[in-house]
Amino acid sequence: MNEFDVIKHYFNRQKAKQSSVLAIGDDCAIIELASQQQLAITTDTLAVGTHFLPEISPYDLAYKSVAVNLSDLAAMGAIPKWISLALTLPKVDHQWLAEFSKGLFAILDHYNVELIGGDTTKGALSITITAQGVLDKGTGLYRHKAQLNDLIFVSGTLGDSKAGLALLFNQTKNDTEQQQYLLQRHLNPTPRIELGLLLNQYSQCAIDISDGLLADLGHILARSQCGAELNLQDLPLSLPLVNEYPRLAETFALTGGEDYELCFTIPPNKVEAFKQAIAHLDIKCHCIGKITQSGLTLLREGKEEPLPVQAGFDHFS
């Protein structure tokens with residue numbers, strides 16, 4: 001089976017196109033935008049040994065590869081529409097490809113996203129996905145838009161993915177309900193699409209937590225030229241995390257990475273309206289601090305705490 005057979009058999013579904021004029025099967029895909037829309041584009045590469053373990057199931061690998069890209073679109077406040085996939089494989093494994101395509105289309109169908117193109121080649125296993133979404137002109141969530149006295153929020157709970165990864169490294173049975181929860185938080189993250197869209201009405205600044213809360217909040221502070229105070233007692237920690245890793249739960253939440261929750265800022269005069277609006281979504285958001293003039297300070301019940309030695313994940317460390 002050659003490259004074109006692989007694409008035709010596993011990735012070219014005969015399904016009605018949503019908004020692409022031309023998709024898989026030509027030199028380029030063509031998409032059409034409404035006159036008052038902008039295109040948001042993001043790309044992520046996942047490489048074996050760096051971003052995932054060799055033992056990961058192809059279904060979970062495909063699902064997560066898409067999810068991390070959709071999370072970037074959520075952090076921009078965009079509606080996900082299309083992806084392209086570049087897949088590098090050491091060999092053609094039909095069972096592996098069948099499970100991979102099953103996971104890929106499971107998440108694409110769930111979020112109503114279309115696969116419009118890509119490439120396959122031979123080499124060490126890696127997946128590169130480019131995701132595209134749309135947002136109305138004049139909207140969007142940007143790292144450089146945090147303002148003094150904005151309140152800092154995060155969605156969901158933090159540190160679960162790091163705990164799930166730790167369980168995988170420990171190679172235990174991982175058969176309890178709590179362990180399975182943490183594993184799924186690592187393997188099948190949930191991109192916060194609905195929240196990102198809602199935030200367009202209340203916020204101008206957001207980022208998804210891929211490298212760890214401190215590292216990713218640090219990107220906001222650098223781009224916005226400001227500082228922050230974080231209240232450690234307000235960090236949202238799940239019961240499975242606290243029960244499995246009681247001594248490491250807080251560190252995982254601050255530096256673990258790959259939670260793919262959103263960290264965002266909201267002006268004080270919009271907080272109450274946001275809280276009322278978020279009540280209609282099946283997701284909890286927690287205020288964990290505020291934007292200040294400069295620096296990054298960790299507080300516990302008002303008393304300053306030292307920063308961790310390592311703030312988060314670095315691809316080249």
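Note that Cβ sites are derived from N, Cα and C of the backbone, with glycine treated the same way.
Whatever TrEMBL says is automated annotation, not expert-curated.
Look at TrEMBL and you will find Asp27, Asp72, Asp208 tagged as Mg(2+) 3 binding site. Annotation source TrEMBL lists Mg(2+) 1 binding site at Thr43, Asp44, Asp119. Per TrEMBL, substrate binding site is recorded for His51, Glu258, Phe313. Under the heading ATP binding site, TrEMBL lists Gly118, Asp119, Arg143, Ser210. If you look up TrEMBL, you'll see Asp211 marked as Mg(2+) 5 binding site. The domain 'PurM-like N-terminal' annotation in TrEMBL covers 25-134. As annotated by TrEMBL, domain 'PurM-like C-terminal' applies to 150-295.
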(message) Rank the binding-site residues Asp119, Asp211, Glu258 by how many other Cβ atoms lie within 10 Å of each Cβ and give me the one with the fewest.
(response) Asp119
(request) Which residue among the binding-site residues Asp27, Thr43, Asp44, His51, Ser210 has the fewest other Cβ atoms within 10 Å of its Cβ, if you could check? (result) Asp27
(message) Under 8 Å between C-beta atoms and at least six apart in sequence, can you list the same-chain neighbours of Asp208 (Mg(2+) 3 binding site), or say none if there are none?
(response) Ser71, Asp72, Ala74, Ala75, Pro191, Arg192, Asp216, Tyr260, Glu261, Leu262, Cys263
(message) Tell me the coarse DSSP state (helix, strand, coil) of Asp72 (Mg(2+) 3 binding site).
(response) helix
(message) Distance check, please: Cα of Gly118 (ATP binding site) against Cα of Asp27 (Mg(2+) 3 binding site), rounded to an integer number of angstrom.
(response) 10
(request) Measuring CB to CB from Arg143 (ATP binding site), give everything in the same chain under 8 Å that is also at least six residues away in sequence. (result) Cys205, Ala206, Ile207, His219, Ile220, Arg223, Ser224
(message) With an 8 Å cut-off on Cβ distance to the Thr43, Asp44, Asp119 Cβ center, who else from the chain surrounds the Mg(2+) 1 site?
(response) Thr45, Ser84, Leu85, Ala86, Ile127, Thr128, Ile129, Thr130
(request) Take every residue in the domain 'PurM-like C-terminal' (150-295), average their pLDDT values, and give the whole-number result. (result) 96
(message) Please list the DSSP helix, strand and coil residue counts for the domain 'PurM-like C-terminal' (150-295).
(response) 68 helix, 27 strand, 51 coil
(message) List the binding-site residues among Asp27, Thr43, Asp44, His51, Asp119, Glu258 whose C-alpha is within 10 Å of the C-alpha of the residue listed as 'Mg(2+) 5 binding site', in sequence order, or say none.
(response) Glu258
(message) Based on DSSP, tally up the residues of the domain 'PurM-like N-terminal' (25-134) by helix, strand and coil.
(response) 36 helix, 44 strand, 30 coil
